[in-house]
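Look at Swiss-Prot and you will find 137 tagged as active site. Residues annotated as Fe cation binding site in Swiss-Prot: 94, 136, 140.
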């Protein structure tokens, strides 16, 4: 299970809309395993395939704490069927926007349908942190980042910072 490099803001790949998975097979399950390994290594609690450069509608989530047994979830072609009117606020971060966190308001619970890693149709009622993670990762599949849910001023500052970091890391840049 190789660790994959993460796509970092401002890479335009993060703004792509991911394509539906057409077949759940061994290579797709291998990709899910690689995504989990990458997420655990980062460390993080959720990862969308687009974050490792694979524009497929697949994501992984594991909310188990470090001292708990891992409880990985694989969601293929996830779709939000219902969102609660009640809202909740969580401080969100993203492996593709390292070291930046902001409070984001989202529906407090969601009902999601998806295929599991065996290709079986499943439904999940999620609330709390799982609901927030599902919405955050499904946003990735639609080219939406959590910073799109904060004020334009804050978002512009974050994007500017990451563009500067990317420029400073560009090949051929002299360090002196």
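For all residues, glycine too, the Cβ spot is worked out from N, Cα and C.
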Using DSSP, would you call residue 94 (Fe cation binding site) helix, strand or coil?
strand
Note down the number of other Cβ atoms within 10 Å of the Cβ of residue 136 (Fe cation binding site), including every protein chain shown.
24
Measuring CB to CB from residue 140 (Fe cation binding site), give everything in the same chain under 8 Å that is also at least six residues away in sequence.
14, 18, 48, 50, 51, 59, 96
Quick check: which same-chain residues outside 94, 136, 140 lie with their CB within 8 A of the centre of the Fe cation site CB atoms?
46, 48, 51, 92, 95, 96, 137, 139, 145, 146
